[in-house]
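Feature annotation from TrEMBL assigns active site, nucleophile to CYS28, CYS31. Annotated disulfide bond per TrEMBL: CYS28-CYS31, in sequence order. For 1-104, the entry in TrEMBL reads domain 'Thioredoxin'. As annotated by TrEMBL, site 'Deprotonates C-terminal active site Cys' applies to ASP22. Residues annotated as site 'Contributes to redox potential value' in TrEMBL: GLY29, PRO30.
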Amino acid sequence: MATIATKENFSEVTAGPITIVDFWAPWCGPCKMVDPILEQLEPQFADKINFVKMNVDDNQELAEQFKVMSIPSLVVFKNGVAKEKITGVFPKEKLERYFEKKIEE
């Protein structure tokens, strides 16, 4: 299960080698489509990627800081630094390849 991020713990939960932060909201239909895909992929990548969920309604300041204008958005952090953002719903296979690529970089 992904870690729930807040303003208070954000630096700590994104400090690892690779962290994927899922910016989402409970009312967002596309977010509800992405969530089960991420839950399926998380065990496969658990030893290499830290998965984190960030509710944009509860953390608007952080969403703005990382220029999250649409959700769902996945922001890739490496050692605490935001490196890349993708927005939208993607098939499981595409996200799987994307995560593998992030590990190889």
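If you go along the chain as it appears here, the first residue is 1 and each next one adds 1.
Heads up, the Cβ atoms here are built off N, Cα and C, so glycines get one too.
In TrEMBL, annotation is done automatically, which means it is predicted and not curated.
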Within 10 Å of its Cβ, which one of these active-site residues (CYS28, CYS31) has the largest number of other Cβ atoms? CYS31
List the Cα distance (Å, whole number) between ASP22 (site 'Deprotonates C-terminal active site Cys') and CYS31 (active site, nucleophile). 9
Least Cβ-packed of the recorded sites GLY29, PRO30 (other Cβ atoms within 10 Å) is GLY29
If you draw a 10 Å sphere around the Cβ of ASP22 (site 'Deprotonates C-terminal active site Cys'), how many other Cβ atoms fall inside it, taking every protein chain shown into account? 20
The domain 'Thioredoxin' (1-104): DSSP-derived helix, strand, coil residue counts: 40 helix, 27 strand, 37 coil
Over the domain 'Thioredoxin' (1-104) the mean pLDDT stands at 94
